[in-house]
Amino acid sequence: MCGIVGYIGKKEAWPILIKGLERLEYRGYDSAGIALMNDRAFFVCKKKGKVVELSKFIKNLNKEEIKKNLSGKIGIAHTRWATHGIPSDSNAHPHLSNDGTIAIVHNGIIENYLSIKKILINKGYKFKSDTDTEVLANLIEDVKKHAKVSIDEAVRLALNEVNGAYAILVISKEEPDTMVIAKLGSPVVIGVGKNEFFIASDATPIIEHTKKVIYLEDGEMAVINNKNKKFNLKIKTITDKTVKIPYIHQLKIKIEELEKGGFPHFMLKEIFEQPESLRNTMRGRIVLEKGNVKFGGLEKFKKELENLNHLTIVGMGTARFAGLIGEYAIEELSGIRTKVEYGSEFTYRDVATPYRAGLIAISQSGETADTLNAIKKAKRDKMLTLGVVNVIGSTIAREVDAGIYNHIGPETAVASTKASTSQVLLLIMLAIYLGRMRGNLSKNKSQEILKEIEKLPALVEIILKNSKHIKQLAKKYKKSENFFFLGRKYNTGAAMEGALKLKECSYIHAEGCNSAELKHGPISLIDKDFPSLVIAPIDSMYEKNKSHIQEIKARGGIVIALTTEGNKELNNIADDVIYIPKTLEILTPILAFVPMQLLAYYISVERGNDVDKPRNLAKSVTVE
Ligand code: G6P
């Protein structure tokens, strides 16, 4: 978790760092801080709260103070999602070592920090924070003093003593022209400018400065220093092996893709982008004449895919719910037995690996630690690993054997919207791809689904045009304290995603549940103040869903029915009805997602919440 940014070059560092932190706030936003190297002295400023608190403080400094404190061409900065220690000024990064010579920012967790802390306390070190990062700062100081080595060597030796995950940036007053960067398990990207370097947890803070980037690999560290007015970059491993400067990637994201584009929130912008994002997800991949789907990234593994005997889908949060829908689609269309698991659980469970098994890891960010660890375990178990990932070049995208990108551009709001519909679509397309290659799906049937898939962007457009209706419903239901989201078959996963959207943005307690399961316990919660949104399109489950609606109404509950356009029957039974256009049953979750996203968004706005950055959350969770 957390976002880190660094700059070393010829410009004033602080505006670059603050802007960078704003871009990385999706990674955590409970405190932020900055450290600038200013003529062999550090200016450090840390504030509890969002990055705006830090930038307000800085902008309120008078000109003299800015000149005195903020001039510095080397700096590091951090936006935090608390793991060790509450959100506070003192727990915010950067952390200084005891003698004040070393400043560090860190994304990750040092697992053995307590035992190291004990040793350091015995040596006389004092700690101002509860963080694992401050322990690392002091460990580096201690190693440096005792081994009498340069800062990069001290960092390297110290990292050999720690277990856990990290992406760190370190600067030292004693070597004021140097920055040390190291990575294990948490992401870091180095932007290569003209005699300047931009470092960040992902490419979004870098893009406006340079398109050339280097991705450090796990166990590698980079040292940037100034020799004869020229900044040099060297890469080595934590075990001290020199690494050839790796391939420099060319970024393709546009800066406009990162801005709100006239919408009040990123979440709303991203909801409204879905016709386009679905189009981009399917672009160039549908071969209608052949009733087939093309995935360039999977070509190399055709043989293995043809022979697959079992699939496990892993993901967390929204990604796992997309997986639940994918499970139905893959089993139905390809005939491959499929199971969905939390990445976090798959990693630690001791289960036999089925013969010729594959793993599909779903992740918008491509950085979720729980999902990444599941891939590592699958690789140890000799499973074929596939990724459904949005962020190009992210850790998961690079870790899997083969992958499919969403191609939907950056998703910024913490609550996932356009990534979720794209994930479901890709899983259905993957199910078609597998079904066709294994002879489980006829050309005709496949063409029928693909034709309907091609209509999805236009159908989502229709739902978005009716967003005013959802806005009204939001006003009506904004005071609810509880909510059920119910559905069956494909829409069981959709119900869970609907509940997640509402709870994460509006802080209303919401449960997603299979509608048939309701009568086996949860129904006892129903009363006149407990609304249920029932996903009941006209499909193979419609009659059953209608009965579930009746069961809720018979107990005095409130029902919002989400059904197919033209179905008037539910008007007399449900309290409110939301319509989605007619489509194939397998595609209904994609359409059902959209009004549920809008409902969560508008209710959250009504309740005055910070929709794009809900409390306690972060978009990319790089800790276990
Ligand atoms: C976090 C986010 C969720 C997201 C989940 C998985 O918990 O708050 O919105 O669904 O991570 O993220 P990923 O990037 O792996 O899809």
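A Cβ is built for glycine as well, from the same backbone N, Cα and C atoms used for every other residue.
Automatic, uncurated: that is what TrEMBL annotation is.
Among the features that TrEMBL reports, active site, nucleophile is placed at C2. What TrEMBL records for K619 is active site, for Fru-6P isomerization activity. Under the heading domain 'Glutamine amidotransferase type-2', TrEMBL lists 2-227. The annotation domain 'SIS' is assigned in TrEMBL to 301-440, 473-614.
Secondary structure at the residue listed as 'active site, for Fru-6P isomerization activity', taken from DSSP and collapsed to helix, strand or coil, is coil. When Cβ atoms from all protein chains are considered, those within 10 Å of C2 (active site, nucleophile) total 29, not counting its own. Separating the Cα atoms of the residue listed as 'active site, nucleophile' and the residue listed as 'active site, for Fru-6P isomerization activity' is a whole-number distance of 10 Å. Neighbour count (other Cβ atoms within 10 Å of the Cβ, all protein chains): 26 for the residue listed as 'active site, for Fru-6P isomerization activity'.
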